[in-house]
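TrEMBL annotations:
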BINDING   H195, H264, H335, H551  Fe cation binding site
Amino acid sequence: MSKTTGQHLQAASSKERCPVAKGLVSIAPLVSSVEETPDPISTSIKGTIPSWIHGSFLRNGPGKFEFGKDKYTHWFDGMAMMHRFHVKDGGVTYNSSFLRSDSYTQNSEKDRIVVSEFGTLAMPDPCKNVFARFFSRFKVPKATDNASVNFVKYKGDYYVSTETNYMRRVDPNSLETKEKVDWTQYIAVSSATAHPHYDREGATYNMGNSYGKSGFFYNIIRVPPQEEEEEEENGAKKDAADLSGAKVICSIAASEPRKPSYYHSFVMSENYIVFIEQPIKLDLLKFMLYQIQGKSFHKVMTWDPKSDTVFHLVNRHTGEESKVRYRGEPMFTLHQINAFEDGGFLVMDMCCGDDGAVIGDFTLENLRRSGEDIDKFYNSMCRNLPRRYVIPLTVDEAAPQDQDLVNLSYCKATAKKTRPGEVYLTYEELFNEELLQYGGLEFPQINYAEYNGRPYRYFYACGFGHVFSDSLLKMDVHTKELKVWRHPGLFPSEPVFVPAPNAAEEDDGVVMSVIITPEEDKSTFLLVLDAKTFTELGRAEVPVNIPYGTHGVFKDGS
């Protein structure tokens, strides 16, 4: 696409541009309940695990999908299961544990589902009389603490998180569940994402919602780093959750207070945060009625392709929101790749789709299809592709309308002033046609410690030639060239980059991913790839089944 064409609208949708799949294997075993492995067990090493790797690869995700005769409806609803692969001296041990959340404990005690989740509504207690069961539908359900999405860090402590107001502090070594943490006890938000950002001074940034008489707001949260005097008390580290000092640095009013946008993450560079208000809408009126109607939460989310995407630019040091309104065509994004500033512009790379209805499609019924039915389901799904947007940080009031404001030689994305105080963004496709053969990509990761918020060259992701990811990809954003790890019947989790000691280049290190399979004659294993060549160095095979999960982190043990 030439720079002068500006507008980047594709005649075909992302799924229409990708090959039609046929003969996909069933992934039903990947969304089946498994037993936990609380005590570390040995793994079988094939190849070589570099001896310099010392630490724990931690992963979270759903691991139990029924209690008694009650079964969950949506994949997101499964009870959180934490996994730990501990790597030291070329060897690997594995252990796992269900999060002892209130949801898990109460469901276990009753042997049925008593806490509502994203896609499953807990039914009234059958032991109550008919009137009590009827009136129980009018009670507002409590938010779940089934934190099955991600491992996150605040002030040096590890937590598992979902998208409600609750997190759980955990011991990253034993996987012991510790206390429940309620965001509302620290700041006035009703939820927070499971994808915070970390600055180089140790502070953590996140986003959460709030609503009241004055409207609905998206709030940017800052949790300060742990101070040295907080780290020790009588010579020992405090063993308690601590979000003290957390504050809201900016509150962004929703464009439609009764239909605010759903979001899963946000953009952060060295000096700015961008909140993307996308046209996946939450109908608050339906939300208030959903329990009475017997509908679960995912039923109140709707995709509105007639609404533009709004990019809210905020200075993360002052909390001041830009007076310029940045807009773009309808799209949805779950995960950002990276963002950096260059010459008065903010460059943002992210995984984007053109049909936000996909979030509600991950029901267990759909995921457990087989034969032509699983082919049909996959071929109906939106495919996410990497895009680059560029925001001009200052906009001259005298600049003519429809003139491209972006003058970065390496960017094809455009930004044009459409009226005073408003700029319309179009994107550059951050890939070549080869990526389409792998079904697009998601779950991007970078060399975060050194390159988050800075100019970078490489990111790692999962390719989606199946409903669940079936390949690992390395993308060079300068050349748009791909390196690929893909083997039939194997399904990788989110790749995590671990830098080598004294690394001299951005991709000096390894990429780690948990590989699972529905095939009985193949093993689950922790895969270690050379990040530079993207070739396999070694694997640690595990003699137990592990369910499909998405997000992981590496905890350095050196």
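Placement of Cβ uses the backbone N, Cα and C atoms for every residue, glycine included.
Automated prediction, rather than curation, is the source of TrEMBL annotations.
Close to the recorded Fe cation site, the chain also has V149, N150, T193, A194, S265, L334, F443: residues not among H195, H264, H335, H551 whose Cβ is within 8 Å of the site's Cβ mean position.
Long-range C-beta contacts of H195 (Fe cation binding site), restricted to its own chain and to partners at least six residues apart, with a cutoff below 8 Å, comprise N150, V152, N206, H264, S265, F266, H335. In sequence order, R59, N60, G61, V149, N150, F151, A194, F443, S493, E494 make up the list of same-chain residues 6 or more apart from H551 (Fe cation binding site) whose Cβ falls under 8 Å from its Cβ. Take the CB of H264 (Fe cation binding site) and look out to 10 A: across all protein chains shown you find 19 other CB atoms. Cβ-based neighbour count (10 Å, all protein chains) for H335 (Fe cation binding site) stands at 20.
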